[in-house]
Structures are given as C-alpha cells and as structure tokens.
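J.: Straight from Swiss-Prot, here's the annotation block:
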- 1-36: region 'Disordered' (REGION)
- 48-127: domain 'PAS' (DOMAIN)
- Cys95: S-4a-FMN cysteine (MOD_RES)
- 216-262: domain 'F-box' (DOMAIN)
- 378-428: repeat 'Kelch 1' (REPEAT)
- 430-481: repeat 'Kelch 2' (REPEAT)
- 483-535: repeat 'Kelch 3' (REPEAT)
- 549-601: repeat 'Kelch 4' (REPEAT)
Amino acid sequence: MEWDSESDGAGSIGAGEEEEEEEEEEEGGFGGGGGGGGGGGGMFSFAIEGMLRASGPCGLVVTDALEPDCPIIYVNCGFEEATGYRAEEVLGRNCRFLQCRGPFAQRRHPLVDAMVVSEIRKCIDNGTEFRGDLLNFRKDGSPLMNKLHLTPIYGDDETITHYMGIQFFTNANVDLGPLPGSLTKEPVRSTRFTPDNFFRPISTGPGQSNFCREYSSLFQLTDEVLCQSILSRLSPRDIASVSSVCRRLYLLTRNEDLWRMVCQNAWGSETTRALETVPAAKRLGWGRLARELTTLEAVAWRKLTVGGAVEPSRCNFSACAVGNRVVLFGGEGVNMQPMNDTFVLDLNASNPEWRHVNVSSAPPGRWGHTLSCLNGSLLVVFGGCGRQGLLNDVFTLDLDAKQPTWREIPGVAPPVPRSWHSSCTLDGTKLVVSGGCADSGVLLSDTYLLDVTMDKPVWREVPASWTPPSRLGHSMSVYGGRKILMFGGLAKSGPLRLRSSDVFTMDLSEEEPCWRCLTGSGMPGAGNPAGAGPPPRLDHVAVSLPGGRVLIFGGSVAGLHSASQLYLLDPTEEKPTWRILNVPGRPPRFAWGHSTCVVGGTKAIVLGGQTGEEWMLTEIHELSLASSTV
C-alpha cells in the first residue's frame, strides 16, 4: 500500500540503530546481512540457484520500500520454519526484530555485528545489492547464522519499490545461556475476556505472566467494538498499516463507515461535512479519499474557463468558498474606486458562470478587506479601505436566504481600523483577525476574536506576553481544532519592512495562549527546519489540508511577481519540515491569497489571470487534491 512516498524511512530497512523507545522491537532491519560488503556483487539469479540447492531452510522476504521503515509484505514457509515466527506475526514489521533475542526483546543483541548492520544500511542508501552473514535469533531465542542476499527491485520509473531478501539459515555455535523468562512447554490456557484483563498478559502457567501473541485479547473483541472503540481512533496512515496485519483486520478496514469515522476523528467534523458536499468525493469513497488527501499522490493543476462576467473590472477584491460555490465581494475599481457588489460562481453547475447577487443593505465599498465563511452559508466581511479611509466594521450575509441581506454586527470594543490584515474562522462561529496596516501606514501585531453568533458580540483581544513582529499580507490557517498558524507577510524588522518566511503558531484552547516561533529566517535562534523552505513572501496562498498540514504557494516574492512552486509543512510533526511538492499540470502565472479559496476541502480555486492591470475572472486555475475531482 503506497502510503508515504515522501518518507525517508526506506533507508532504515537494515540498519537497526538502538533506540530508547519500546517501539524498537517493531523496527527490525533486514534480519540478515553480513560481513561481506555490499555493492554490485553477482547476479541475483545466482542466489536463486543457491536457494534451490540449499539443503537447510531458506527464507524469502519481500518488503515495501515505499512505506515508512520498509515493512514486510511477504515471507515464505522457509522463513517461518527457520525462525519460528508465523507470517501474521511479522507482516507490517521491519525485519530488524530478528536481531533481537526473543519476541519480547527491545534492543539489538550485543553480539550482533554493528559493522555488518552499518554495511547493510550503506547498501540500501546506495540502492545496491548486499551479501553477507549476520547473527539472528529464532522466536525461542536460539541463535541462527543468516547468510543474506539482499537486492532492490525497481519500478517502471526507475524508483526502488521493494527489497527482496533471500536468507540461508544455519545453526550458530554461540553459547548464550537460557533466554530470560523463557516460555514453558505447557499449553496455553484460554482466558475469558473481561475489561479488567484486556491490557494484562495472558497467563501461560502457574507463576507465569508472559504475553502470548497467539492468543491476544484484542482479537476476542467483536468486530463492532474493534471498529467503533479502537480502529476509529487511529489515523488514516495507521489504518492502512493495520490492514496488513491479518485477514480479519484487512476485511474490517474495507468498511466505508469505518473510514468515515477515522476521517472525522482525524480531520474534524467541519472538514468531514465539507467533503460530504462534494459529489466527486462521494464517488471516490472515504478509503481512497483518505489515502489521496494524505499522500497527495493525485494532486494536479488544471485550467478552466467559466462564463458570465464580473463588471466593472476590479482588483484587490476578496473571495471565499461556500460549499462548492465561490463568492467574490468588493474590490478596487478604476481610480481606486471602492466596490461593494457580490458575485457567485457555482462550480456544481454544468456550465459554471459568474452571477451577480441582488442583495439588500450592501456594506460600504472597500478593498484590502477579508471575506470568510462561517457555519453553513453565512459570510462575514471585516475591515478594508473605503471611500473615507480605513474600516473596522463587520457585516454578515446569509447567501442561502430567500432575500440575501447584509447585516452589520455592532461589536463592542472593536480593533483599530485596518486593511491588508489576515483572518480565519474557528468553530464555525468565531472570526479571528490578525495584523494589517493602520492609519499612516503603521503595521499591526495584535490578534482579535469575535463570536458573531452572540446576541451582543464583543471583540476580545487575545492577550500575549510576546507577539511576532507586526506585519501585513500574511496568512492565517487553523489546524488541530483551535490552533492557528501564521506565515509570511511584509514584516517590520527594525526600521525596515521585509518579506518574511517566518512561521508562528498559537493554541487558542490554552488558558493563556502564547505565540511560538516554529521556524523562520528572521527570528533569533529559530532557524529553518530540514528541507528547502519557501522564499519570503506576502499576499500568498495558504491552503489548509486535512490533518493540519499547510500548502504555501504564490504571492509577492522578492524579484518575482509570483512563485508557482508549492511547499508543504506539517506543524504537528515533532520537527516540522518543509517539503517541495511537485505537481503535474500548468500552474497559474499569478496566485494571490485574497483571490484564492479552498472549495469542498478537495480543491483550491485561483481566480483570474492578470494581464497588466486587467484581471480576467473568466479564467480560473484549479489545484485538485483528489483524483476524482479533476
């Protein structure tokens, strides 16, 4: 199952570094391998001939090089006979466990030659064959000498997709003494399952309490309990791994209802509801949708032409998505004329076209504002630059109302008027506003929150002992429920204003929220994470993906009008790493944050091509995140 094409774990199949965590038992490298070096030794067919001539048991193991840590996907009967491990006990694990003495050992045995293990790692890193001998252990703890021939297998695109290991096992003349806590020969007595003994070892005899994998209490649970109480709490990646453990779990993980629960628990109800509104996503199915949105294997650009018109022509408008519709409000017309009209583009239509929305009580015209969508079809506009200067007013519009009407929200204690700020929404009811440009060009660094569903909404400034440098043109994204991520913008740096690539996060669920510098180029001691980060920019596009990841592209980059390269960051990682995402198709020449929105959780819509000062809003680019939406 191709679940992590970006993982760097493929190189660890044979290495087996000692770690402090208990998971090390599960991390075994190619159990064999020996002191002979690797490299381009003879043809693999010689090993096949040797296997046929061998008088002793010969193991055959195949691992998936595209999965993290190269899990085993096949072992033959010879492997089972020689090692004492059954196939269902080792599938999904890395072969490194053979370097540990017994099924409960957590570290590589000290007699295993570390130089040989290092040589195996080097061969895997270089994509070359390996031949050699290495000490391994049977399940009962007795030593084996493994003469291993390891070879990479290439796919059609010259990428290593699998590793195949042929193992000739012989008894090793090593006196290790008895295995500590070894199992008795007495048959295992069945234990009736109760909630109290679920996490306890199953007794194997009087005075014994060794866990017996053959009679795991987990499998005494019903399918319903396994799905609803255990599997549904795992991440999509974990479900994909669990499905390879045994036939029963494989069949359970084929269930679409289970996948929906997994997606909802991992991504949140709001994201799941948005995905349910996309017809193409429904046809794809939750299992495949989870895979494609996790691996981004199907991401692609395409260009569309739509009908209708947005007139008069304008720039510096704001756009957002309501279901599968794109809504455009306001903008800057000829001679800096502020606009206050509303247009809708329905992407569900067979022939999408821009349509002017007849609304009542339109807000004052503006540009440099933000437009966001709350629960359902409720739009909210904040701030911007109007005919009389900067604004700090709030208006809402129910797009699905019989007679759509803009309604002003008279919030108490509003923030100072501003433009080119950034905003995002929380819980479908709250508007978060950050930074921007105030009167006389002063940059701001404050953060405010407003619950627009309250009878008497009150603006609340989020207190923080330290704030990032003041800025405009940055992006704000929500992940992990109530965490927000700030990226880029034009930031104050002493007397200067410089484009930024800094990343800051804040958890609004904390009793005393505070800003934390995740990474960046301009913060003392911050440094950049591993990988090539995006160049500093402002007015870029930030696409929030299910699971908390953020895609960055476009905007104003030093020396360029826009940058089409996509960058991916997962702020939930222990050490967040920027990754470059290469996407097929033709990207837009220009992409700006104020004119791009995410539709249905499966695609980002970039509005308009720009020719000089003219915006062509009948030309749009679509970044599809799932294959069936193209």
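Cβ from N, Cα, C; glycine included.
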J.: What are the DSSP helix, strand and coil residue counts for the domain 'PAS' (48-127)?
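T.: Helix, strand, coil within the domain 'PAS' (48-127): 34 helix, 13 strand, 33 coil.
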J.: From the DSSP assignment alone, can you count helix, strand and coil residues within the repeat 'Kelch 1' (378-428)?
T.: 0 helix, 30 strand, 21 coil
J.: Taking every residue in the repeat 'Kelch 3' (483-535), what is their average pLDDT?
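T.: Per the prediction, mean pLDDT sits at 82 for the repeat 'Kelch 3' (483-535).
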J.: Which residue counts does DSSP yield for the repeat 'Kelch 2' (430-481) in the helix, strand and coil classes, in that order?
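T.: Its residues fall into 3 helix, 27 strand, 22 coil.
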